[in-house]
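Notes follow the structure.
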Amino acid sequence: MTRIKTIKDIPLQGKQVFVRVDFNVPMDDDGQIVDDTRISAAIPTIRYLVSQRAKVILASHLGRPKGRSVPELSLRIVAANLAKKLGQPITFIEGCVGTIPFSAAEKMQEGSILLLENLRFHPEEEADDPEFSKELGRFAQVYVNDAFGTAHRAHASTHGIVNHVAEAVAGFLMESELNYLGEKTRNPERPFVAILGGAKVSDKIKVVSTLLKKADSILIGGAMAYTFLLSKGYEVGDSLWEPDQIDVASGAIETAMDQETELLLPLDHVVSRKVNFGKELVGNKILRGSIQKGWIGVDIGPETINSYKSRIQSARTILWNGPLGIFENKKFRNGTLAIAGLIASNTNATSIVGGGDSIKALKSSGYENEITHICTGGGAALEFLEGVELPGVRVLHRID
Ligand code: ADP
Ligand code: MG
């Protein structure tokens, strides 16, 4: 069987190595980094390249500058953050193609690091433009992709550049994302339990369908549950549901029965009269079964938590994507936190958590260090789990 080549498989000393990283960090209105998880996630690859005496050229996008130079979306601030983390100077270059970055790259010492300016200041990046790809490739003898979060996009720095380099390999972050979302869920240790929540069936139904083939149990929560419950004939009151997904939901229930995969829906619900984030609520109670008009399902109830508990406790592989309730409101986060706690305390299982909101919820629960793998890529992770071959992964070189 072949596998994707990684930085461990090739000589790096003295080589100009172009590393596509994902430094697309959230920023506040004052231009400060709100959460630098993505920067930390790239550190193992960068450290390794430095230790191998490579010349490390880092490139990323930040935000959506739409092909123009937007000073607020400069990667300069990331250079400072990264230098501090590594305890090593980073040379920031105001540009990513042309003579200035090129000659800076030519003058690099072994083991030194350059960070190029935001790739998306050029419209050619997202257009996967061949000329621009060639320009990026001029920097490098070796291309490393460590930006799993952008691997579902065929852009110049994730795709076109590969035509212009001798080696195209995965970094450690990319490698571990592919391992956990790929191998560990394709050939899982069983029982394999998937917990799926969040707002919309339409966002996640393809993942549900693929997981129906791989998992032993699927535990549903979040607003997604109401479309499933409606399709089984329950009332859901004023809860969020998707009229055009009812058939899809009942199709999934049928497939689950055919495949003998357990598909569990909430048995009881925390319901509220009005969902106003953070403010006082008008009424809040727990209901079993159907939800009457005028009430909104906002979280899974205690009986549901209890029934999901036994599955999570005996699982050997756990995949969680999507909060089980409106966790942004502290009165509705009990279900999500309870599930996070149960996953964290099953130390026999490989646990994988993905999704921007799920990770936010996990961090607020304080269980984040108990999880085997936290995915960095939202859209890319979903597509990968659906079985889509990601363009940024497909072009990487393979080894026997
Ligand atoms: P992730 O980012 O982890 O993939 P999603 O974006 O799919 O998750 O879903 C997260 C959103 O789902 C949250 O904003 C949360 O408030 C919402 N949500 C969860 N349960 C409910 C519910 N019962 N009613 C309405 N929204 C819900
Ligand atoms: Mg989300």
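Positions of Cβ are set from backbone N, Cα and C atoms, glycine also.
Annotated substrate-binding residues in TrEMBL are Asp22, Phe23, Asn24, Arg38, His61, Leu62, Gly63, Arg64, Arg153, and among Arg120, Arg190, Arg273, Arg288 the one listed with them is Arg120. Taken in sequence order, the binding-site residues His61, Arg120, Gly297, Asp357 that lie near ligand 1, meaning a CB under 6 Å from one of its atoms, are Gly297, Asp357. The binding-site residues recorded for this entry are Arg38, Gly297, Asp357, and the Cα of Arg38 lies nearest to that of His61 (substrate binding site).
Under the three-state DSSP scheme, Gly297 (ATP binding site) falls in the strand class. Ranked by how many other Cβ atoms sit within 10 Å of their Cβ, the binding-site residues Asn24, Ser358 place Asn24 at the bottom. With a cut-off of 6 Å between Cβ and the nearest atom of ligand 2, the binding-site residues Asn24, His61, Gly356 reduce to Gly356.
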